[in-house]
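Trainee: Below are the features listed in TrEMBL for this protein:
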BINDING   His245, Asp285, Leu286, Asp313, Ala314, Asn368  S-adenosyl-L-methionine binding site
DOMAIN    156-467  domain 'SAM-dependent methyltransferase TRM5/TYW2-type'
Amino acid sequence: MSTTTRFAPPHQIVRLPLLRSTGEDGNDSEISTRIQLTDELRDQFRLKVPLLAIKIKAEQISNVKSNPLTRSAILASKGLPSVRIDPLSTDQSHKLLLLNSSQIDQLPTSALDYFKQSGLEFRPFELQLDWNYFQAEEIIERLLPEELLSEVPSSFTIIGHIAHFNLRKEYLPYRHLIGQIILEKNSAIRTVVNKLDSINSTFRFFQIDLMAGEPDYQVSLSQASCRFEFDFSKVYYNPRLSTEHAKLVSTFLNPREVLLDAFAGVGPFAIQAARNHSCFVIASDLNPSAVEALKRNVTLNRLSSRVRVFSGDARDRIRDGVMNVWQNPFVEPPPPPTRRSSSIKEIKVIVEKPKPEPSRLVSHFVMNLPELALNFLDAYIGLYTPLLKEFGQDFKTVVDNSPLPMVHCYCFSKAEEGEEAERDICDRATLALGYKVHSSISRFELAHVRKVAPHKDMYRLSFELPREVLFCKSIDSVKGRC
């Protein structure tokens, strides 16, 4: 088995000084702009590595490289070809095959015996490396002060052409340099940004700081065969939740069921449910920019007959949404027209299938606002009461013959994962819903989604909404006493 070799940057590189930002938020532009990526800095990454090579006929290279006896001795390093031109071979009949050692006695015995028995000649070779060889993480780690090496900021999220960092305060003086390195080492990235701590509490998007590249925040990307376009500086989007989006949709949703997405954002749940699982969707968000992008994404994915977009407060949209679906049921869109054949032999008898019943009830409510979503569970208290009052027995009959809807509520918890976190989340859900939420409630599931911080985890709480909650007679006066 071949061993991958990775050469470290030169030790003589002078590390950057430890800088303390004077800004209240740590975001001192005057300091950070002094630390830039220059040719002088790049030149410090020139490195000469002494190695051994064997002189070998060109036609022998493939056999020697694939031989189990020699494979572990041959240089294998990402971005470095192991076969080089032999300057002494005037007719180019021979090449140099680089080895991963500079001393003959350091080679594996099996490889050394093979080379000697094959009569192959050893040659010294000076491998010259430069800035282009080293990866972004290696460069950043080599440049930062020793005091900041405990958690090198090389991890970032990619959203279209944007690299998105969450830098800690102590790294902010170096943010422009870090951004320039990331930009240079990733050809698909044109913009590098850092998420600031401040968040727009009304419209749920983070303020961002341009670290490097173009101030172009208009993103176009694909997720789960769905297309999305949006302005990243004006909306919230987290690609790290793509697996959770797919899991929820594939696990719980069935074709022709109605999903109400109360915090839809640009539509990662809504679009995927409609496109990939043939669901109908009521999607809403408070942020006008998110709603604008959501409408555009519905059009991009040709889902206008399956997705209805609204804007406004989530509580209002949840209550309005069930009324909207009841009064204006979703109907299966007609199939696309087929080409008529000119040949009589190819004419087929088409048997018209009975049309399915219109979808008049919401089957699933998704609430993806982890910071606050549990507080919005009070929107389901008495949710069906106005419909029962207005539509009477017709509505009750449909409800009685249908599964009760499920709610999927995303939330954070600082409690220890396991029973403690379950108790914390269920207690908060109970307080908002006015009904005891616990593991024995129908279709209950508490799923750990991801770790957000050392003492902060994201969860999805799913359960069936009880009839006692849905048919409460008063939202205000009966809350807590369903």
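Any Cβ shown, glycine's included, is placed from N, Cα and C.
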Trainee: For the binding-site residues Asp285, Asp313, which Cβ has the most other Cβ atoms within 10 Å, all shown protein chains included?
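Mentor: Answer by Cβ density within 10 Å: Asp285.
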Trainee: For His245 (S-adenosyl-L-methionine binding site), just count the other CB atoms lying within 10 A of its CB, please.
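Mentor: By my count, 23.
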Trainee: Which residue, out of the binding-site residues Leu286, Ala314, shows the minimum number of other Cβ atoms inside 10 Å of its Cβ in this structure?
Mentor: Leu286
Trainee: Suppose you look only at the domain 'SAM-dependent methyltransferase TRM5/TYW2-type' (156-467); what would the mean pLDDT be?
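Mentor: Here the predicted model's pLDDT, averaged over the domain 'SAM-dependent methyltransferase TRM5/TYW2-type' (156-467), is 91.
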Trainee: Inside 10 Å of the Cβ of Asn368 (S-adenosyl-L-methionine binding site), count up the other Cβ atoms and send me the figure.
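Mentor: Around Asn368 (S-adenosyl-L-methionine binding site), other Cβ atoms within 10 Å: 23.
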